[in-house]
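Worksheet: the structure to be examined is printed underneath.
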């Protein structure tokens, strides 16, 4: 990180200095400009026609889900296609009833079904029930292992079955060594055969090895699956058409939403006021779409994206610009949460602090209208705690202090921002986000710690080199290396093991019976998925390269051809 001299006019209370040395990170600018500010509304007649088609097709699909009730395998395949095409949210009740029926008859009553001796069918059955939070045992795969516990050799040629088993293994919980073995077995075999397969199976295998379904963003996975599903001659034409129409309607809805937010963001002029900070509104909105894309969560998205942009700027003030004295002032102002604190801040900090108060006041009015004013207490407290964590890291950086790994993680889990983002994600979710739900969240349950761990460990793993080059606070990799006297690669291996553990914790916490309503758990799962996607190979939020550009284009630029 470069130390650059900045004019004293940008700060206050330091009149005895002419220039201040600042640790500027030189983040790349936004690549989008004003692209998403203007939104051309679709012709109302065309829109109405598409909506009518969607309603008609929904009835067709609804009937098909009901018709297959006594054919579990056929029903599982329709449910799988519905979910992978991104339209399961349209049929939540029907899918829940179908899976409940299948669970009771094939698992509780142990009734055999067509395909119950076939690896693909059993793995699909297991994955869909686990994916929908049913506690089914992995012992169902014992029939595919020999007396020594190894998977049978005759499975080696069943690529379709191996692929389905591979996807199922990512839903494992602690104590399921069989699924750990299955993951290693299927991954090794699929990697060895992928270059010899034909389309579309080759593409399915290649994609799954890169992005397992369970850890992917449902809407992004749907974009990929459209062409795979269409390539199968036996695909359900009504289902595919419905999925494409719904995708395009939702994309228009999201583009309008982003256009409104982009105009608000431009009116703040943060790009000019905070040129040292990351200008990542579009990337932030993509992040939020990963948390919830459904139309009923429009208010929730508008709330979280505004807060998201604020906290991204605050992060960079602490991380890449502010002096320790200035950051102390800002931290104290955040604890007071009072517009009167503006006068005590350096000039450049004032627009950010004022905007935070304004955004929270706007949210408070909405919460008051809903009779949910109690939520603001949690929203403010989690912000204060996050800023305190940023301050701790700033002190470490200033003192060139390398904490123990345990000390580092006690702060770094907070500054991962995932308890913060989960709290904010609940604000616009309606009555389901009760006081009891917020109290549960603030008790720091295992699923939250696991989500924070994924966020922190993946961030540290992907951004370690860049952060160290710019003189950032010691990363988890660096802390672990120093404390345990290991190499960087050994530290990375340990992080990979911890990521596996964290995902198992998340999978376990999402199984029935739920501690809080499922939609609230889904926010945590989806936030964790976002990290897996954006930080797959690098910090795609800070350094927006081809993968991130393509993902954003898929959801917010390119429509489906119906």
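Cβ atoms here come from the backbone N, Cα and C positions, even for glycine.
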**Report entry** Stretch carrying motif 'DDXXD motif' according to Swiss-Prot (options 315-319, 320-324, 325-329, 330-334)
**Finding:** 315-319
Report summary line: With the fewest other Cβ atoms within 10 Å, the residue among the binding-site residues 315, 319 is 315
Report summary line: Averaging pLDDT over all residues of the motif 'DDXXD motif' (315-319) gives 96
Report summary line: residue 319 (Mg(2+) 2 binding site) -> DSSP, reduced to three states, gives helix
